[in-house]
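These features come from TrEMBL:
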{"type": "TRANSMEM", "residues": "B:7-28", "note": "transmembrane segment"}
{"type": "TRANSMEM", "residues": "B:77-100", "note": "transmembrane segment"}
{"type": "TRANSMEM", "residues": "B:112-131", "note": "transmembrane segment"}
{"type": "TRANSMEM", "residues": "B:151-170", "note": "transmembrane segment"}
{"type": "TRANSMEM", "residues": "B:182-203", "note": "transmembrane segment"}
{"type": "TRANSMEM", "residues": "B:223-243", "note": "transmembrane segment"}
Amino acid sequence: MPAPARSVAVPAVSPRLLATALLTVGLLLTLAYLVAFDQGAVSRSGMFLHELMHDGRHLLGVPCH
Amino acid sequence: MRTFGNLVVRGLLVGLFAGLLAGAFAYVTGEPHIDAAIAIEEAGGAAHTHGDSHDTSTEAAPADEEEPLVSRSGQRAGLFLATALYGVALGGIFAVGFTLLRRRLRTTNDSYAALGLAAAGFVGIVLVPFLKYPPNPPAVGDPETITKRTVSYLLTLVIGLLAIWAGVAASRWAARFGEAPWIRLGVGGAALLATVVAAYLVLPAINEVPGSFPATLLWQFRFASLGTQAVLWTLIGFGYAALVDRRVPSKSESEVVAA
C-alpha cells in the first residue's frame, strides 16, 4: 500500500469561510488593541488596562508614552 | 481535512502557551531593565509628569503625586497577562492566515507551511518595525508624540507585511527565468529589501531618547524586547507546526487499532 499523500489540512476558501475568518480576525485584533494600544483616551477603560499591561506593552515593542 | 474552528482553536491554544513562555522570558530578561529605567526616571525628579504610575514605593514619591493606578508588582503580573492575551490574539490571527494562505504555499507539508508563515510573520511584524523604531523602556518617550509614534509603528508593521508579499511575488515571478534557487532567493530578497528601505526613507525619524540615558541599558532593554517577540513567534511557529501536522498512522498502529 503506498503511503497516503500529505494532503493540505485546510478547507477550501469559500465566501462563508472568508466572512468567518474576517470576523475572527476582527475580534482578535480588538483583543490585541486592548493589550497594546489602549491609551485610555479612545476607549472607556480609562488608564487601568494600560497601566496593568504596561511592562508587557513595552517589552512587546509597542510604542508607549 | 480540518474545520475552520478546529484550525483556529489550535492557534489560540498555541498562542496562549507561547505568550506565557514569552512572558517568562520577558520577566527574566526585561524586568530588571524596566526597573533600572524607572529608577533613572525617578532620580530625574518630577520633570516627567507621566511618571506617577511608575513609582515603586509611595514613601519615595513626592506628596503631590497620586497613588499609582497599578502597583509595580501588579505591573509585573500584568506582564504575563499582556503577553498571554497578545499571544492568544497573534496565535488566532496566525491560524486564520494559515487557513487562508495554506493552499497558496507551495509545499505539500503542513508543518513547513506553518514554519514558513511564522518566519514571514516575525520578519514582517517584528523585525521590520524593530529596525526602524526600536522599542524604548519606560521613562524615555515623549508623551506628546504617542499618537505619531503609534501610527508610524503600525505603518511599519503593514509595510513589513507588504514587503514579505513583494518578496514572495518577485521570487515567483523570477522562477520563470531559471530553476536555480539563487535566482528566486536573490530576486525575492531584493524586492523585500527594496520595499523596506524605501519605506524607511519615507517614514519620519523618531529619536526621543535623552542623551543622558545610558546606551547600554537602552540596548539591553531592546534586545530583551526583541527576544520576547522572537520567543513568541518561534513557539507559535513550531507549536502550530506540531499541532497541524497530520500524523499518518503507521502500518503497525493501524493493525493494533484493527485488532
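Cβ from N, Cα, C; glycine included.
Just going by CB pairs under 8 A, the stretch in B:7-28, B:77-100, B:112-131, B:182-203 that sits most against the transmembrane segment (B:223-243) is B:7-28. Counting same-chain residues at least six beyond the ends of the transmembrane segment (B:77-100), those with a Cβ under 8 angstroms from any Cβ of the stretch are 4, 7-8, 10-20, 22-24, 26-27, 30-31, 70, 113-114, 117-118, 121, 228, 232-233, 236, 240, 244. Counting same-chain residues at least six beyond the ends of the transmembrane segment (B:182-203), those with a Cβ under 8 angstroms from any Cβ of the stretch are 128, 131-132, 152, 155-156, 159-160, 162-164, 166-175.
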